[in-house]
Amino acid sequence: MTIRPLVIIPDSKLRLISEPVKEITSEIRQLADDMLETMYDAPGVGLAAIQIGIPVRMVTMDVSKSEDERQPMVLINPEILWTSEEKRIYEEGCLSIPEYYEEVERPDRVRFRYMDLQGETVEQDADGLLATCVQHEIDHLNGVLFIDYLSKLKRDRVMTKFKKAARREAGA
Ligand code: K1U
Ligand code: ZN
């Protein structure tokens, strides 16, 4: 298992539409291990493959409360099947936008489908943090970031800050 470097805004890779996984190979299993390791190290409750630079439709998540009782999830080709009319506001963060948190409104409950590492199709209902997280992660697979739901003013402010940081790093 390897901790991989995270892709940070304004890297244009984060705007790519990720490709479906065609087959569960040893490379895919290795990628899942590396994503979990990278997510736990960050630490985060979710990670999409594009956040480590790989444009495939894979997500890892663990929204368990305790570090002693990890509940790792690996989602291959996940999709949202249904969203509730009721909305919920949650303060979101993103490992690709370090140390920036803002409130985002999304559907309160969702039903989603994915393939697990055994190749089984799973359908699951979610509410709370799991519902928020799975929507945030599937957005990553479609090149969407949580800052896209904020006002243009807030989005421009955060983009400018990270563009300046990237320029400083490139010049250093
Ligand atoms: O996809 C990502 O960038 C990961 C992101 C997922 C997420 C968080 C909150 C709401 C929606 C989606 C994170 O994990 S940010 C870090 C974070 O929320 C966290 C870190 C440590 C403990 C608990 C939460
Ligand atoms: Zn994110």
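From the backbone N, Cα and C atoms, a Cβ is placed for every residue, glycine too.
According to TrEMBL, the feature Fe cation binding site maps to CYS94, HIS136, HIS140. When other Cβ atoms within 10 Å of the Cβ of HIS140 (Fe cation binding site) are tallied across all protein chains shown, the result is 24.
The secondary structure of GLU137 (active site), as reduced to three states from DSSP, is helical. Look at TrEMBL and you will find GLU137 tagged as active site.
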Excluding CYS94, HIS136, HIS140 themselves, the Fe cation site's Cβ centre has within 8 Å the residues GLY46, ALA48, GLN51, GLU92, LEU95, SER96, GLU137, ASP139, LEU145, PHE146
